[in-house]
């Protein structure tokens, strides 16, 4: 039994062209929408992440985002197998023929869910991590009058060149495996290429200091090789290559200014954000470096930069101490 | 016509076992050995590098290392096709069956070249970059009474865990390509895997700032994709996969204390170095981070740390300004 619901979007026209017939937005809610409908928090999913991966990182009784207080909506990013994705869409849009979906599309769909299904007109907070955090930026730029606050964690409003290089290398690792078969690998995934991807990811995902201090031991892995195989390779082996590649496309094209209101002017898009923001890069994030967040905060009107003092690199939110740092910031946003 | 000479080593027993019959050490000399034989500078080659790649980086008339003053020996690291290598060694040691060669072996062979062929008993300076720089450390630890000064650039005395991760990911990219055929690819190299390797290398080789500022434009590449294909992929496509894998093994096992005199005690090995040293990491090197050089310098008796203020990452020595910074340090070593 699925642990999430489906919002039927019908036939949706996409920003980059093409239409998905009977498109599906997977989502889950936690807590209760109050009568004033003013206790809404949105926590979108991220690259490789499922809906149920979100609560352990961001949500809990007594935490900053609390189902006893908030009505929490967790919408699934297109492309991971819960919302419409390469893996679950019928021909002629199956696998690699699944169309390109932007952040703009994703947030448009989420907006429809909130307004059409729940009659929500105001969002207290959009908070999430990585591609989920970029959706917080996207929400605030796309619906500036609707979003009161955002907490983008370890992400960016526009995908940087260095990030692009990282993404292209992992995508190339997958599609270069002959077992990928142009996306038609069926039940025999391109495991070899995905294992190369896993090792690339391991280097970018955590920091030099994480490896120097062998912090992987604290996560139950005695050696680097154990960590690479038992954690990283196993993690990606459980994902679908076409789905990952679809999300990588979305990530590569991340740019909150790529919409009619801003015409590609990123400074204009950032300046148009009315939400109060606390932007939370990880000090050691290698593909979303704090320097990029700093520039974004400088271009926003009501934003504060708080660098998470983590050695976990991009994966800071998986560290209890760093999670508390993030929760404190979210508390300040909600109660400040 | 080869631009280098061969020193016939005869049958050499290796540190990790196995013997290479009729082993060959390729080398080139520049300048003239003076009568006192006290003007010797050794500049070993590095990963992917040939003998003729060394002079543009380190040697020149009027430069710190000057063929008008010095007798410069450029010995080729085993495994790149000039000295004995997977690509040029006959069966039964062909290709992947070529035995494992350590830095200790390499420097032993270079020592034989200097003493047996040239009667050299004193080395003014060993200076080089990357795996070449590690050989400077190795020389100073292995023959502490012979080496007066070293300038290890962007390297380490012992390969760190994070560096290990990088090396394993690029090796995996090559051997995961079915075209690698267990090393028996003959005239059809595993280009697909080597292109993945090239993209991985691109991320680790230069810095985040290099890409953020699109410094690749200054090197004649208009876009990231041009840089990846025209520079990185072309660079590795011109190398032999088995040779690279052989050198990666050497690199992975880099540890100047892995010899009888030190028994794996890296602090002891560093403390035993008598050479005056200026250690030159690049500020933005991702696999030889300055923090590791700092620890090494602290363990040495006569060493100074000078961090190259570069945004070129590991590839600082290819930048004229950074080259001058290195030359200044070498001048201080030679004249100080």
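A Cβ is built for glycine as well, from the same backbone N, Cα and C atoms used for every other residue.
Curation plays no part in TrEMBL annotations; they are all automatic predictions.
What TrEMBL records for this protein:
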ACT_SITE  B:130  active site, nucleophile
ACT_SITE  B:285  active site
ACT_SITE  B:314  active site
DOMAIN    B:57-316  domain 'AB hydrolase-1'
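Structure with TrEMBL features highlighted.
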residue	record	DSSP (3 states)
B:130	active site, nucleophile	coil
B:285	active site	coil
B:314	active site	helix
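Neighbour density for residue B:314 (active site): within 10 A of its CB lie 24 other CB atoms from the protein chains shown. Comparing residue B:130 (active site, nucleophile) with residue B:314 (active site), their Cα atoms are 8 Å apart once rounded. When pLDDT is averaged over the domain 'AB hydrolase-1' (B:57-316), the result is 98.
Between the CA atoms of residue B:314 (active site) and residue B:285 (active site) there is a gap of 4 Å, rounded to the nearest whole number. Residues within less than 8 Å, Cβ to Cβ, of residue B:285 (active site) and separated from it by at least 6 positions along the same chain comprise B:154, B:313, B:314, B:316.
In the shown protein chains, 25 other C-beta atoms lie within 10 A of the C-beta of the residue listed as 'active site, nucleophile'.
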